[in-house]
Amino acid sequence: MSMGEKGGIISFLTEKGFNDQSIHDMFKKCKRLDRVEREGAYEVWNYLKTIGINERKLSSVVSKCPKILSLGLNEKLVPTVQCLATLGTKPSEVTSAIIKFPPILSHSIEEKLCPLLAFFQALGIPENQLGRVLLINPRLISYSIEPKLTHIVDFFTSLGLNEDGMIGKIMVKNPFIVGYSVEKRLKPTSEFLKSIGVKGSDLQQVVLNFPEVLCRDVEKILRPNLAFLERCGFRNGQIAALVAGYPPILIKSIKNSLEPRIKFLVEVMGRSIDETVDYPDFFRHGLKKRVEFRQRLLKEKNISCIPNSEEQEKTLVEIIEDVTAIIDPNKYTNFVASPKSGAIATFAGTTRDTFEGKRVVELRYEAYVSMAIRRLRSICSSARSSWSLDSIAVAHRLGTVPVGETSVFVAISAVHRADAMEACRYVIDEIKASVPIWKKEVYANGEVWKENSEFLERRLGLGLEKHEHGYCCGRKVKVDDDEEKKFKVDDDEEKHE
């Protein structure tokens, strides 16, 4: 290429605000850049602006991947963008993916994208989630199936996560986890968890429901958090129970999250740290927005925000694993019935015969039972702290639930009907949004595992809170608004990296 032609691309880059050092670096990254014509560069630049990348972001995109300027507009760039657009639900999702990882535009659709999507689908990622996973972490397209991704799959399998769709569920919750080294990060973290007593099904539950914990550095984050809990007086068995009940306790900021909560629990609430072992979700709630505010209200009403023995006796939580058993509404209604209660509110969730125009034959439910039970008890405790309730009963079936039969039942008694009805709605909404139970929808012509959309939104921190303005039927309730967002657990004022 003549110096005059090369000067054309240099003058283009200079005109777009790149300095000499940046231009030098870009030529080192892309040897083909000196063959790009000025007019072609303008076409690519202007096209990227039309798909929503503003001038400032566009400079960053080109600086990170100058190869983009060398791509044929109609031969490569436009078809790639159009293909990516089919994976998202909004144009902004594709734009965001390009900004996060500009090289996504340079990879082959046939040689990289299609095989990658087929591989993810084979792992159990639902078809309607495939594109979302890739657009959230577009760097996935740069990973090789062999050996990079298969090595990750083998690691998860070694933990016992080999049932149909499990690995896909992990990737849906945290698409970034496959970018970590098995030897340098994932395996050391899993071994650390085993060393503190989190083993077997509890370890599987941590990985499946809070994969971000597995991504954190043992020496920088997990071990210091463990040492803090030990200094607070928790014993080894208690720490294992806390981690199994609320895994992010190992990655929360000590200074901005754990220490203030422990101090408030002991010094202000006058409670023992041992009580949090039975209620690990205490560490889930925002301190200033929820715990301190609730404590003031509850103190006025003389209500405990951590369940006492009487409340536990008046709470029945059951996961029915016997596939031959059905839910008997009378059992749970009778449990909550009391002479002092003037109202009993119930909810029964049943299998309907159609979904989106398809004939449903049955639903099949699976769950991590111990974690599901802990979460259900936590939901019941949260409901008690928001309404004046007498008794609560919750039951959920596992296995096959034919059309017309009940899969979940909630019964709540209270002195006043408003408390019972509002709490009942809150409990079932929270069950749908935060309890690790999954279902397979079996149709007349096929079947598909379905991740509950409310559960997914809560786990990813997407969308709004379940009840507008943090209310449920007009009443404030405990909403886990400081839970992990964007696949990382955000503390009140500080984020761990």
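Every residue gets a Cβ built from N, Cα and C, even glycine.
Annotation comment: TrEMBL describes His416, Arg417, Lys432, Lys439, Lys440, Glu441 as substrate binding site.
Lys432 (substrate binding site) falls within a helix when secondary structure is assigned with DSSP. Cβ-based crowding with a 10 Å cutoff singles out Lys439 as the top-ranked of the binding-site residues Lys439, Lys440. DSSP assigns His416 (substrate binding site) to coil in the three-state reduction, outside any helix or strand. Other Cβ atoms within 10 Å of the Cβ of Glu441 (substrate binding site) number 18 in total over all chains. DSSP assigns Lys440 (substrate binding site) to a strand in the three-state reduction. For the binding site of substrate, formed by His416, Arg417, Lys432, Lys439, Lys440, Glu441 according to the record, the largest Cα to Cα distance is 38 Å, rounded to a whole number.
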